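K.L.:
Sending over a structure as C-alpha cells; questions will come in a sec.
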Amino acid sequence: MAQGLIEVERKFIPGPGIEERLQELGGTLEHRITFRDTYYDTPELSLMRSNHWLRQREGSGWELKCPGASGISGPHTEYKELKSEPAVVAQLCEVLGAEGQGGGGVAAVLVPLGLQEVASFVTKRSSWKLVFSGVNEEESVLKVDLDTADFGYAVGEVEALVQEETEVPVALKKINTLSSMLGVPAQERAPGKLIVYLQHFRPQDYQRLLEVNSSTED
C-alpha cells in the first residue's frame, strides 16, 4: 500500500457545553468552516465493504481512507489517509482488482472503475486543538472536531495523526484520556456522518454495510 499518515480517532456524541469544556482544558479554537463531502463507491459498495472510504471534499480534493493494521480493539478507528491522487488511484485499482486502469487523476478513473456518487452532504465544523502531555512523555497535539451535518446529525471526533504503527497505542491512550475528560462514556461508539446518512436515505446500502460490520467511517 502507498504510504500515508495514520489517523487514529474516536467519535462521540457531543453533550451540551462541550466547547466550554474544551476551553477549560486549554483547547484553542482553530476555525469554524462549512464544507460539502461527496462519497463514491461501486453499486455493490465494494470499497466501503472492504473498509475503504473515497471522499471528495469541497476545497481540499480527494482522500482515500484505508484500514490501519494495529489490531487494537475498542471504540476507536485507525486509518491510513491517502491524499495524493496517484496514490489514491493506485490503491483504488488494487482494491477493485483493476490494475492497469490508472493513468490519470481520480476523476478520470471513476467511470472505468465503476464508481459513482453514493452520498453528498454539507457539514458545519468547529475545529479545536489541544496540546496534550502525559507523564514522561513528549507533548503531542490532539484535534477535536465538532460536526453538524445538514441532515441534523451532530458528532464529535478526537483525533491524532501519527507516522508509524508503533505510535498508535500511545496516541490511543491520549485520545481515550481526553475523551474521558470530555465526559465521553468509556465504551461509547458513535456512528460517523456517512453511516447515519446511509441509514436515513439509503437504507439498503446501510444494511449491506451492517452485513460486514465495517461501518465505522464518517
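Glycine is no exception: its Cβ is also placed from the backbone N, Cα and C atoms.
Below are the features I grabbed from TrEMBL:
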type: DOMAIN; residues: 5-200; note: domain 'CYTH'
type: BINDING; residues: E7, E9, D145, E157, E159; note: Mg(2+) binding site
type: BINDING; residues: K11, R55, R57, K65, R125, E157, K193; note: substrate binding site
K.L.:
Using only the residues recorded as binding substrate (K11, R55, R57, K65, R125, E157, K193), report the maximum Cα-Cα distance in Å, whole number please.
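P.N.:
It comes out at 20 Å between the most distant Cα atoms.
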K.L.:
Tell me which of the binding-site residues D145, E157, E159 sits in the most Cβ-dense spot, judged by other Cβ atoms within 10 Å.
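P.N.:
Neighbour-count leader: E157.
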K.L.:
What average pLDDT does the predicted model assign to the domain 'CYTH' (5-200)?
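P.N.:
Mean pLDDT for the domain 'CYTH' (5-200): 89.
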K.L.:
Among K11, R55, R57, K65, R125, all listed as binding-site residues, which has the most CB atoms within 10 Å of its CB?
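P.N.:
Per the Cβ count, the most surrounded site is K11.
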K.L.:
Sort the binding-site residues E7, E9, D145, E157, E159 by C-alpha distance from R55 (substrate binding site) and give me just the closest.
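P.N.:
Of all the candidates listed, E7 is nearest in space.
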K.L.:
What subset of the binding-site residues K11, R57, K65, R125, K193 lies within 10 angstroms of E159 (Mg(2+) binding site) at the C-alpha level?
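P.N.:
The binding-site residues passing the 10 Å Cα test are K11.
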